[in-house]
Amino acid sequence: LRYFLLREVPFGQDGDFSKKALIERINANLNNDLGNLLNRLLGMAKKYFNYSLKSTKITAYYSKELEKVHQILDNANSFVPKMQLHKALEELFNIYDFLNKLIAKEEPWVLHKNNESEKLEALLSLIANALLQSSFLLYAFMPKSAMKLASAFRAEITPNNYERFFKAKKLQDMVLQDTEPLFSKMEKIEKAEKAGEASPEKNEKEKKDAKEKAPPKQENYISIEDFKKVEIKVGFIKEAQRIEKSNKLLRLKVDLGENRLRQI
């Protein structure tokens, strides 16, 4: 929900919200673009290199792609001080779109079939480094998801690592590890809600339980017209004294800026 609101609504402005738009945005960006990208990387890293990736050949095979990744990261980060958070997220997720398209273009399974293991390792290492670097910017918007993303590369979100991985953009040799899925498809929530709608007895019981637990209704409200007549003042308590034979009451002398003290 936080991702959706920050992505869809410019900071300080009004925006529209709908459940349909929320589900589409989460499934498309979070689950498909980022979540599936990490899953594909982990699967290929395990299958082809037993999770261990060296970064020494990235610049030899993918220098332009690496430059593109760093350019997108810098562009995304530049929007944060301007409080243009929707643009920062939009640019950040361009990295994941770019990396997914790079996989489709390079076809790692073909590289493996053709025994181009050096180029294949460079490709997977590029993707791993890009995802790790992106996690430090993602942390500002989705801290828990960013920490799970970084954990796949055995890294933590810390100030020192921010300087090392994000600002310096130092390429790392990595030993990856499996992690729990970053996101779940929202259709599961839809199914759960439909299941609830299909059980009227359960819904009726929940309504009855909620009604029994509800606090008693208070009737002593004043009308809005009476409220408009209320004069609210801020005062400074100058003195407070206990009232004899009372454990709860105090006699207060309050300064309301009227050149005299009021006693309450």
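Yeah, the Cβs are placed from backbone N, Cα and C, and that goes for glycine too.
TrEMBL entries are annotated by machine, without manual review.
On a predicted model such as this, the values are computed, not experimentally measured, just so you know.
Record features (TrEMBL):
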COMPBIAS  192-216  compositional bias 'Basic and acidic residues'
REGION    192-217  region 'Disordered'
DOMAIN    226-264  domain 'TRNA-binding'
Margin query: Across the domain 'TRNA-binding' (226-264), what are the DSSP residue counts per state (helix, strand, coil)?
Written below: 3 helix, 16 strand, 20 coil
Checklist line | Predicted model, mean pLDDT over the domain 'TRNA-binding' (226-264) | finding: 78
